[in-house]
Amino acid sequence: MVDIRLTNTRTRKKESFQPLDARNVRLYLCGPTVYDRAHLGNARPVLVFDVLVRLLRHVYGESHVTYVRNFTDVDDKINARAAQSGRDIRDITEETIGWYHADMDALGADRPDHEPRATDYITQMIAMIENLITRRHAYVAEGHVLFDVRSYGEYGRLSGRTVDDMIAGARVEVAPFKRDPMDFVLWKPSGEGQPGWDSPWGNGRPGWHIECSAMAAALLGPSFDIHGGGMDLQFPHHENEVAQSCCAHPDGEFARFWLHNEMLQVEGKKMSKSLGNFFTVRDLLDKGVPGEVIRFVMLSTHYRKPMDWTEAKAADAEAVLRRWRGLVAGIEPATSPAPAVIDALRDDLNTAGAIAALHDLANREDLPVFLASAQMMGLMLPEMGSWAEAGDDAAAMIEALLTARADARKSRDFARADAIRDGFAAAGVEVKDTAQGAEWSLAAGFDEERLAELARAYSA
Ligand code: AMP
Ligand code: ZN
């Protein structure tokens, strides 16, 4: 069996990964809160986990992995969006889930096996909260149910802090009914106009953290293999998930491996609305950056390092992928990926190393193995490649312009012929004059609109 090694936040060590059940390897990734388009940073955990799941399916078998990623569809940010827009909550969450699917599909991320919505698991959350109250890990106060952090000796272990450090360092919400400032909400009352469900504590709604504990238990059991998310979720969200789950199921371990990706930045700076460098995955796709290029750039940095999105990286990635797609035209993938690529991925998901190995294979022209290896990482898949091909329209425009250029040369209008040549270069069309005539291909940065302008100006 391939020895996969992963850095486990729980132990802060790179450990050999052994699943609880090799016939059903189980993973959970915290998914999005659905009130707005996913920003580029949100795509990072999705792509990291997508590669991890592909690796696990390669090692344990296609049907021996269960991957769960939730949709948080009950949250005060969603309520605020509904109030401000006058729309129905359900309309907003449905529309946002549709966007999310379209955007992550465009990045070549496979859909998880289960995508539970929090609002479909309220019954399980209420049962888990009742269990926590019975075991004296939670208490009722003023219509709220709170988790008693002092009742769980291990609280803070995942993120490596003590409760007293947290109180000193954190902005904690102090409420008079909390026994300890770090106690967090499991259930809260809903007022007029807020979504609410009947519960033993009155009409109310869950706090954020309980949903992941309840959905992971329902779909993966009290112990499962890997839990992931961005570093920003390590505390308090993941710490609270551990506390709730381990106290509700004292015989379970909850997640055995915790994987956290570092944050994404843009041109060296934190991505934020106030810096004006905030954009969504859809913004990039609409600007013409292919999903496959976004995927390539994301995987070029190891998930445990901060990653910088730059336009230069996107342009480089586009050039590499165009070249690679040119190389494999007509080639069928081999039946297995290259050992060098698997070796990089099994070493704490070293996607940057795996891409270096792909460069090597492409340079050695071991094309069937190269293609199988790239596809194992979700790159160079036929269904992701339409961006790199010239459509019929582009091909017709290029042919018409080549005829116009030949005519210009014949009539010794060299200024016109040169203008067409320069126009091709500016639009990203590479033209080679050979003894058999002109041959063309699309270069990095191919721009169909500029080509259309050129065609309007010069072809008859
Ligand atoms: P949210 O909807 O904000 O809870 O985020 C959904 C997922 O995206 C979580 O796993 C976050 O940790 C992750 N995430 C949010 N911002 C970034 C970022 N800038 N870089 C990488 N991951 C992020
Ligand atoms: Zn979660």
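A Cβ is built for glycine as well, from the same backbone N, Cα and C atoms used for every other residue.
Annotation comment: TrEMBL describes C30, C212, H237, E241 as Zn(2+) binding site. The feature ATP binding site is assigned by TrEMBL to K273. Residues or ranges marked as domain 'Cysteinyl-tRNA synthetase class Ia DALR' by TrEMBL: 340-388. Taken from TrEMBL, the feature motif ''HIGH' region' applies to 32-42. Positions annotated as motif ''KMSKS' region' by TrEMBL: 270-274.
Locations of recorded TrEMBL features on the structure.
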{"residue": "C30", "record": "Zn(2+) binding site", "DSSP (3 states)": "coil"}
{"residue": "C212", "record": "Zn(2+) binding site", "DSSP (3 states)": "helix"}
{"residue": "H237", "record": "Zn(2+) binding site", "DSSP (3 states)": "helix"}
{"residue": "K273", "record": "ATP binding site", "DSSP (3 states)": "helix"}
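Summarising the environment of E241 (Zn(2+) binding site), the number of other Cβ atoms within 10 Å of its Cβ, over all protein chains shown, is 27. By the criterion of other Cβ atoms within 10 Å of the residue's own Cβ, the least surrounded of the binding-site residues H237, K273 is K273. In the domain 'Cysteinyl-tRNA synthetase class Ia DALR' (340-388), the DSSP tally of helix, strand and coil residues is 36 helix, 1 strand, 12 coil. Residues belonging to the motif ''KMSKS' region' (270-274) score a mean pLDDT of 80 in the model. Listed in chain order, the extra residues whose Cβ falls within 8 Å of the Cβ center of the Zn(2+) site residues C30, C212, H237, E241 are W208, H209, E211, S213, H227, G229, L233, H238, N240.
Here K273 (ATP binding site) is positioned 23 angstrom away from C30 (Zn(2+) binding site), judged by their C-alpha atoms. Taking the C-alpha positions, the distance from E241 (Zn(2+) binding site) to K273 (ATP binding site) comes to 29 Å. Ranked by Cβ neighbours within 10 A across all protein chains shown, the binding-site residues C30, C212 are led by C212. Taken in sequence order, the binding-site residues C212, H237, E241, K273 that lie near ligand 1, meaning a CB under 6 Å from one of its atoms, form an empty set. For the pair formed by C212 (Zn(2+) binding site) and the residue listed as 'ATP binding site', distance between Cα atoms is given as 28 Å, rounded to the nearest Å. Rounded to the nearest whole angstrom, the C-alpha distance between K273 (ATP binding site) and H237 (Zn(2+) binding site) is 23.
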